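S.K.: Okay, so TrEMBL annotates it like this:
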TRANSMEM  6-27  transmembrane segment
TRANSMEM  61-81  transmembrane segment
TRANSMEM  93-112  transmembrane segment
TRANSMEM  141-170  transmembrane segment
TRANSMEM  182-200  transmembrane segment
TRANSMEM  220-240  transmembrane segment
DOMAIN    257-292  domain 'EF-hand'
DOMAIN    298-333  domain 'EF-hand'
TRANSMEM  365-383  transmembrane segment
TRANSMEM  403-426  transmembrane segment
TRANSMEM  501-527  transmembrane segment
TRANSMEM  550-569  transmembrane segment
TRANSMEM  581-606  transmembrane segment
Amino acid sequence: MSFYFVYLRLDWLWSLNLFALILLNFLEKPLWCRKDALQACDQRDLYFLGQLPYFSKTESLIYEGLTLVILVMDIFCPLSYEGLNIFWRSTTNKLKILLLFILACDILVFAFSSQPFRLAPYIRVVFLIMTIRYAELRMCAITLAGLIGTYLNVLALSLLFLLFASWLAYVTFEDTPQGKTIFSSYGVTLYQMFVLFTTSNNPDVWVPAYKISRWYSLFFIVYVLLGVYFLTNLILAVIYDSFKEQFAKQLVQVDSIRKNILQKAFDLIDTNNRGYLDREQCISLLNELNKYRSLPKTSREDFELIFAELDRSGDFKVTSEEFADLCNTIAIKFQKEPPPSYLEKFPFYHSPLCGRLKSFVRSRVFEFIIIFVLLVNLVAVIIETTLDIENSSSQETWQEVEFFLGWIYVAEMALKIFSLGFGAYWMEGQNKFDFVLTWTIFIGETLTFAFPSKLPFLSNGEWIRYLLLGRVLRLTRILLQVQRFRAFVATFFTLMSSLMPYLGIVFCVLCMYCSLGLQIFGGIVYAGNPTLEETDLFNNDYLLFNFNDYPSGMVTLFNLLVMGNWQVWMESYWQLTGNSWSLIYFVSFYLISILLLLNLIVAFVLEAFFAEMELEKGEEVDIQNPTSGGIKKRRSMRVRSKGTMVDILLHHMLSNELDGSQNS
């Protein structure tokens, strides 16, 4: 068992190694450099390369060797406490060993020869997905793999629509200028209609037909309406429904595994077969759980609160049904009572005058005064920003106004700390934000006015702009005064936590396509290439967005992801390679990253937002109508972790699908 704890304590090393594997993709020298010329990547301006340094071949091999050794330790360490039978029973472990063997062979081949293709960049990304530390990422990948069949079915329907519409367009405009210039063959027509399906070449593609007759526009309008606003949304609806079904199956499986593990743990602890656990047994369990680095640490003073949360019946006994909620309960963070103010020991702090001052600071009147100051600050920032852009000398006057307002914020902070005590003041996240921002701006303004010319950095005009940015951040306090906006902000952070696995999948797809793009298109964009000057990349000044190195490739793929003139890259690389097979790279990227992943993310955000708002309303009702004083007190003291909030959100979103999966 000691090996298990050692493995957990080294979790930072395993995570850092995974980060190092992905980082290597950005730092290793592209393969085309070794193939074309050893000094090619040193001519950064010639090949429009990024600014990150590159490893030499020796440095890359040393780096890869170290990460490989750590990866071997990470994969085989569980053998020490699981045993060979349990370890080899896992399909994930078998796949990891296979990939590890392929990765080692790839490194050996790379060490002794220069090949135009490597598997290592792809395997590194797969290891990131498969690791246990990113279970949500792996679960998301499995869910997406489960809906491939459904996605292929709707893609086949879309392909039939595209083939028919392209044939109809080719026949309709065969003897017109549209057919002679744009739809010159069925293959070209199919390509142009596919791009029109993404609306990237609308209305350029049908301008010749529109010049002949305005009625021809009806054909393209109907095509866009059917393709973009009906078929695309139909694809999204079918895919998202299948996605929720697959995701619900994953959640049911995870919940079932968790329930079985907790039931076995309950049976092991309940040595007397009483059917419940008492207070001493639960506290002993919590004390043991604190030894596990992967679990949230719990202070001893919170043990009683966790036991009270588990003991929903209030009979000082935790049944197996109540024990099943252990994972969510230990993730709760209980807010401690703020320590008394240091000023409590002084008699003047309890005087009537101080009492009235503390009441005033806690009142709405004081809050309205600060809001008024913030509004004045808003006007001052707008005027000062305008004067800064115009390089007007009047800006100095408004800097003095800002300096005076900074003193008001310092006074506000001092009054709040005096009235509430620093402990209570620091418990509020907004107060922490105000504290850091107020002192940063105040110190910067004071130094600027006290030493305007003695310190070179402070005399630089850029420093004033940094202060302006800080003052604009301060104005977010106005928005936080609106309860609805604060709810939106809280919902936003919850949604971001639930979205991270899907954004992680998008990142992994970008990494895969970037590695492939470097190996296919690397080195063909360079200054002086006569073919390049005939492309839209050259005409639109897009030469920096290329696949000559990994950072540039990732930026280029991001532009493709947001559909920013994506056909420019597709057509330009078609011209540069002279091979129409290059279109498969860009079309497949569109089908996977945009039509599938981004649409799923948009649909997920919409449903998650409404589900989160429903949960917020439900919590407001619970707070307004508490069942008992003790429960109300405990609820007011607890804060759920992000993982728990995401888990609650997902179960609420997929409640119908979960019920269907459990019934089936």
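Placement of Cβ uses the backbone N, Cα and C atoms for every residue, glycine included.
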S.K.: State, in range form, which of 141-170, 182-200, 220-240, 550-569, 581-606 has the highest count of Cβ pairs under 8 Å to the transmembrane segment (501-527).
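M.R.: Selected stretch: 581-606, with the most Cβ pairs under 8 Å.
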S.K.: Tally Cβ pairs under 8 Å between the transmembrane segment (61-81) and each listed stretch (6-27, 403-426, 550-569, 581-606), then give the stretch with the top tally.
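M.R.: The stretch with the most close Cβ contacts to the transmembrane segment (61-81) is 6-27.
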S.K.: Going through 141-170, 403-426, 550-569 one by one, which has the most CB pairs that fall under 8 Å from the transmembrane segment (6-27)?
M.R.: 550-569
S.K.: Looking only at the domain 'EF-hand' (298-333), how are its residues distributed among DSSP helix, strand and coil?
M.R.: 20 helix, 3 strand, 13 coil
S.K.: Please give the sequence-distant neighbours of the transmembrane segment (141-170): residues at least 6 beyond its ends with Cβ less than 8 Å from one of its Cβ atoms.
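M.R.: The answer is 129, 179, 183, 185-186, 189-190, 193-194, 197, 219, 223, 226-227, 231, 234-235, 238-239, 242-243, 246-247, 249-250, 505, 508, 591, 596-597.
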